[in-house]
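Notes to accompany the following structure.
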Amino acid sequence: MSGKERTEENGAVKQDTKEQVKKSADNGDKGVDEVDFAKIGLEDAFKYLNCSEHGLSGAEAEARLKQHGPNKLPDNSRNPVLVYFGYMWNPLAWAMEAAAIIAIALVDGADFALIVGLLIINATISFVEESNADKAIKALSAALAPKAMALRNGAMVTIDAVDLVPGDVILIRIGNVVPADVKLLPEHGADDYETPVQIDQAALTGESLPAKKFTGNVAFSGSTVKQGERHAVVYATGVNTFFGRAAALISGTHNVANIQRVMNRIGGLCLITIGVWVVIEVPVQFAHYKHSCVAGKEGCPTLLNMLVILVGAIPIAMPTVLSVTLALGAYKLAREGAIVTRMSAVEEMAGLDVLCSDKTGTLTLNKLSIDPSNVFPVGTMDIPEVMKFGALSANIITEEPIDMVLWESYPEREKLKSEYKHTKYFPFNPNDKITIATVLEIATGRVFRVLKGSPQVVLAKAWNAQALDGPVNEKIKEYAGRGFRSLGIAMAEGDGKDGTKWEMLAVLPMFDPPRHDTKETIERCMKQGIAVKMVTGDHLLIGKETAKMLGMGTEMYPSEVLIKARNGDVEAPHGYKNYVAMVEACNGFAQVFPEHKFEIVEILQEAHHRVGMTGDGVNDAPALKKAHVGVAVADATDAARGAADIVLTEPGLSTIVTAVIGARKIFKRMTTYAKYTISVTFRIAFTFGLLTVIYDWYFPTILIVILAVFNDGAMIALSKDRVVASVLPSTWNLATIFVPGFVYAMWLTLSSWALYQVATHSTFFERMTPLPSLNTQHATLISWCEDEISSKLGVNPQDSLCTYPSYADQLNECKGSVSLSSQVPGVPTILDQCVTEQRYIRDALTRALIYTHLSVSGQAVVFVVRTSGFSLKEVAGVSTYVAFALAQFGATMFGIFGLGGYNKPRQNFDNCQFCDYSTHNRVLFFNSEVEPRAGTESVYTASVIGCGGYVIVAWIWAALFYTALDPLKWGLMWIMNDDGFRDRHAWRKSNHEAMERRSREQLDNKEFAGPSGMVPANFSNPLGRASMSKPVSALLDRKSASLVAINRSSMTVSHDPNHALNIGRRSMIGRPSGPLGRNSNTGQSNPLNSSSVEIKPDAPNKV
């Protein structure tokens, strides 16, 4: 569309809208919202906005900001109260809430209060920790807030997009997300033609192709500039934009993160386990043990006992610990320069095994330099003149790297500002790969154009392209072989209207040096199981040369090979089975367009790789979205940042690797807790399920709640634990969580059952220690009570309890005319009462013992599951040790002092004479001194009395069984090959055997079928270097040879054999040769050893 046609079109609609314009103007600011700016002309738009093409003043902008508000949508933040209670609304919390309902229904106020308290504590910790982490991440993310270039006070300045107001004149260019609804202004210097700005509106309108926008057209907030740049006037901001009005009608999708699925599965398995044990326990207790269930307080101890499994087998803290670990980890990543825009991306980053990286700015410094002496002129101009035209081609306003290096490379650049002026500028875009500047020479009025860009594209536009093809392409290859990027420069007289042909001026070499840490970072990636593939738009030879410098491997292909292979060309995969195998095996691709990045990601994902892709441009957005982890590098465009999962604030590959390792540490902490919580919850369910079914043994719910508060609360410390990142990509494998967790749970269940069995069914502890007996076997109790009654009371154990004075006054059966005979109907004997009391007190002591052992042995599992090595050797974080110490100190104190009986029996006496015989001191019960009455054992609830010195037994017992957990872990890791455990050991073994075999072959004088100049490898010479097969002194005594000492930058030659001999011998003093020529004590490389020596009879001074 020509400028004239557009003017006529605007004129046609102008008359139709004149009344609307007038009406809106009369209504003041309200009219701005009502006017259809797409249909009115620029003059009317400026009138309504009360502004001009020169923008606004600072004071006016500030006043409008107060009037119209910030340029952002209202915060979609949820009510904090609803967020808080949301932590109590999930399947795990529902189970706890069901337990609370059962407790209150059974008039068990203490358990009800404790369960509700546990829910509140859990929700509070979740709310506070996640809120703090979220605020911290938002604060760090503020630096990534969208910016805009606005004309304020007559100068173009960069401001936060949120501060834009109607009437601002802004500059939008390629890669920008349009920050507000705008109307395009005329292109600078355009007359009868103009270059359209291409804007992607797919997110707003669904259009698949970018829309071409001309002067007077509107562009909506949220759309992306795909090509071109233009000044525009803002007419709507915030909620008044097209996007803002539509936002209320858009319902966002709820994506369930992988971590949520994992939590659901773990929670589901725990609920199934609970259900199984409830189905088993209830019939056994009611049918086999003949328990009753009546109304009233403590009237149904069977159901109260169900609460032990219901509360203990629910990992109530799991959502808290895992979400807090993820949030705090994301905050730490943000501080290290990697801001997470999608929380679940942390998990996916941990599983990354292929990273496709840009070359420029990521692997290299993106600090270009031009050496004028290496410039290759192809016309009549000399080099200074070529550099002048290069400077004139640059648009220094946008500060693009190539523009800036061209400008800075011309010494007299400041003079150009007063002698020349840009009248029009065609910006770079990934498709055309050129820029065109129309330049006016102020003194003469001469107009000419300067073109720069890809040398092949520039060459194709030259009028004599055929003649220049050979020398230009040869020079491009020469530059590429030296690691230089090439830039073509051309010029043409006139403004292009007369069809003047282009004349190519020169090819300029630009060098972008690798970052100092890139090579080391790539080596770290390889050690971490991440394959780094270079994806660059530069020439293939440049890519290979850079890859060679970085030690990446040089198996690279141009992108056209990939396209041919995918389109069915059987020869294109270069000998590989198919294009997928080629992409997997190669080290990268060159001459890549943005759409090729998408193809590369898609192919790698077809091969089941977890793919990361870096990008910075607007056309990189599809590939960034497609990748499992899209990484927007530092200084990326708004569009790239919007599409990325991770936004880097620091340049370079090292930040990405640091983020990957950090993500793996976060993942390690989450899997550590997952294994821990599986083992602990299963252990509680199986331990108390078995004890109840086999022995009809009860345990108070209060201790399980306290256990959850102490141990699960302490596990928050895992979110900050010191862990070693996995050397392999980490993904959720529930088998490696459930199976070890179940095995550890069974082992711990065995330990608890064994402790209970030894304590209550044997005399081991009373024989081996001065501690009181906990044996509750009926025969043992009868024998013990008979001896105690006879020796201490001097009465017949078979006499009625009425004959014992302290009980006679309490029993109605003993009062009145009843004779204190040896036998009273309905009154138990002294022996019966003693047995009942002893069973009661010993069970109460045993519960304190079992509780202490449960707590210590259960939480100690975390030290086993947090590392694949020896748990006592691998040091955990200080917070983990402190949390363990505090939790177990509390548990030990409960074990020592108990709860004063906790619950008194339903039928009782005021004293417990025979309890004292067992504990050696007075038993202090809850509220009052009470005891059970013989014959009512099945209707009293479980009490807890401090077991004193038995806590030492609990610790020792836990320690003994702990010693087997590491071997169990290693066996499981071997069987399941967890974290590549079996592969690593198999590799070490095969490598060891291979080296031994080669050593034996050498000793047996077998012929070595290896490369020329090599010998069989052995332990002293692992690389099989021939020079190491002879003594160093024999090598140095060859006087006819010149010794060449090699370093990284050059090879210095000594022609004096004696000098070389002394240097060599000096360097070897005190340096025993270890593998790879390293000092076996220090691990440092020798400056001169047999692996860095080459003999050359006639060597020049420098090579």
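Every residue gets a Cβ built from N, Cα and C, even glycine.
What Swiss-Prot annotates here:
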type	residues	note
ACT_SITE	D358	active site, 4-aspartylphosphate intermediate
BINDING	D616, D620	Mg(2+) binding site
COMPBIAS	1078-1093	compositional bias 'Polar residues'
REGION	1-32	region 'Disordered'
REGION	1054-1103	region 'Disordered'
TRANSMEM	80-100	transmembrane segment
TRANSMEM	101-121	transmembrane segment
TRANSMEM	154-174	transmembrane segment
TRANSMEM	232-252	transmembrane segment
TRANSMEM	266-286	transmembrane segment
TRANSMEM	306-326	transmembrane segment
TRANSMEM	643-663	transmembrane segment
TRANSMEM	690-710	transmembrane segment
TRANSMEM	734-754	transmembrane segment
TRANSMEM	845-865	transmembrane segment
TRANSMEM	881-901	transmembrane segment
TRANSMEM	944-964	transmembrane segment
Mind checking which residues of the chain, 6+ beyond the ends of the transmembrane segment (154-174), have their Cβ under 8 Å from one of its Cβ atoms?
-> 32, 49-51, 53-56, 60-61, 64-65, 67-68, 70-72, 145-148, 180, 182, 185, 197, 219, 225-237, 397-398, 427-429, 617-618, 637
Measure from the Cβ of D616 (Mg(2+) binding site) and count the other Cβ atoms within 10 Å, all protein chains considered.
-> 24
Tertiary contacts of the transmembrane segment (266-286), defined by C-beta under 8 angstroms and 6+ residue spacing from its ends, are 90-92, 95, 293, 302, 305-306, 309-310, 313-315, 318, 674, 677-678, 681-682, 685-686, 689, 692-693, 696, 737-738
Go through 80-100, 690-710, 734-754, 944-964 and flag the stretch with the largest number of C-beta pairs under 8 Å relative to the transmembrane segment (306-326).
-> 80-100
Mind checking which residues reach the transmembrane segment (734-754)? Cβ under 8 Å, same chain, six or more beyond either end.
-> 262, 265-266, 269, 671, 674-683, 686-687, 690-691, 850, 853-854, 857-858, 861, 864-865, 957-958, 961, 964-965, 968-969, 972, 976, 978
Per the Cβ under 8 Å criterion, with at least 6 residues separating them from its ends, the transmembrane segment (944-964) contacts 700, 702-703, 747-748, 750-751, 755, 765, 769-771, 774, 841, 844-849, 851-853, 856-857, 860, 864, 892, 894-902, 919, 923
Using DSSP and three states only, what is D620 (Mg(2+) binding site)?
-> helix
